[in-house]
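Per TrEMBL, the features are:
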DOMAIN    5-121  domain 'Response regulatory'
MOD_RES   D56  4-aspartylphosphate
DOMAIN    149-214  domain 'HTH luxR-type'
Amino acid sequence: MNKTNIIVVDDEKLIREGLKIILSTYNDIEVVGLAGDGREALSLCKEKDVQVVLMDIRMPNCDGVLGTRIIKEQFPHIKILILTTFNDKEYIHEALKFGASGYLLKDSSNELIYEGIKACVKGNVVVHPDVANNIILNTTYEKELNDDDINLKYNLTEREINIIRQIANGLSNKEIAEKIYLSEGTIKNNISTILSKLDLRDRTQIAIFAFKNNIVN
């Protein structure tokens, strides 16, 4: 069994050690390091074979936003999953802007954290429901757009809008392909077109676009 190697980053020792105990109960996850801030996490990323960094936001010396930025600059393949108590729009925006693959709150169930980690590894976007609501509620809309409005404004086809919606729902390319009866290769091509049309970088930015434009179920 291939295990997902994880670093847990939190300035509170009790929390990071508690998370290690919880995650160690899953056979396909290996906690390979613990860090007290973003710079310690970066050092561990240089020493270990890491797939996912589970990162708190508010920490002394190097917080989760800066930690996300410096890790993604040197290790763009490593997934960063934010796990914090702060459902704050500025933290959310900054973390996702610098490349975090998801944003969960510490009241999440153990299973949601586990599923979030696995989803990140697959390249999916992970957003706690309350965080998604925060993104929507704190976004200023010119007007409420329906699919036809979005089509006209952004030159998106009905299929592309549907794919954006499924990405925001956390589905992988394979899952989207099965849901709308297309090949996985076709989905990949459509996503590349979407990124180009919207001038976006990755799936996380597509998900944020979906939340901001109410392209969600």
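Along the chain as shown, residues are numbered 1 onward.
A Cβ is built for glycine as well, from the same backbone N, Cα and C atoms used for every other residue.
Quick caveat, the model's predicted, so the values are computed rather than measured.
Within 10 Å of the C-beta of D56 (4-aspartylphosphate) we count 27 further C-beta atoms, all protein chains included. The domain 'HTH luxR-type' (149-214) scores a mean pLDDT of 86 in the predicted structure.
Secondary structure of the domain 'Response regulatory' (5-121) per DSSP, as helix, strand and coil residue counts: 53 helix, 26 strand, 38 coil. Shown for the domain 'HTH luxR-type' (149-214): DSSP residue counts in helix, strand and coil, namely 50 helix, 0 strand, 16 coil.
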